[in-house]
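Taken verbatim from Swiss-Prot:
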DOMAIN    2-83  domain 'GST N-terminal'
BINDING   12, 13, 41, 42, 54, 55, 67, 68  glutathione binding site
DOMAIN    93-212  domain 'GST C-terminal'
């Protein structure tokens, strides 16, 4: 049976999301490099793995998946008893799982669109020889501040976003945060005490440090 393969780019936020999950589980895998600058993700053979042309794609034996958050959920369930438990303490507790699911949805729809745009403006644009649009940065930082205010309130009640243990809800945030900590946007995290503590906790995890 073939092993685990991740088809993506090591600088991609979505690819990193999957890589961190694999490292948390201490799983062996192969990262198959997809060169985004050359548009390899928009043509075969990659399109046969993800018809929407976005990294990463994933294989575990005969199983083929795409969409990073679906992949991390598969990893968390399929390898629940290996490495770090990325689910709630009682993974069969539907109420606990629903809390974690809310957190994952908030990350996907409220945090990531803003954080990824800020990373693009302040980091990735320079890679492509483009200029940062400071007006866009200001607009997106205002949006991110509102999200982080919600997080600050939540983290005053719990150590992590879904409760007292580290879960996929927290993990999904890590790659974008890693990038933003290297930009002026870092201030939005550091000026909120509990968010700042949470960021330090999740970004210092050994699995997180392996993808920086």
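Including glycine, each Cβ sits where the backbone N, Cα and C put it.
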Overall pLDDT for the domain 'GST N-terminal' (2-83), taken as the rounded mean: 97
The domain 'GST N-terminal' (2-83), counted residue by residue under DSSP: helix, strand, coil: 29 helix, 18 strand, 35 coil
Other CB atoms, at most 10 A from the CB of residue 41 (glutathione binding site): 22
DSSP residue counts for the domain 'GST C-terminal' (93-212), split into helix, strand and coil: 87 helix, 2 strand, 31 coil
Most Cβ neighbours inside 10 Å, all chains, among the binding-site residues 12, 54, 68: 68
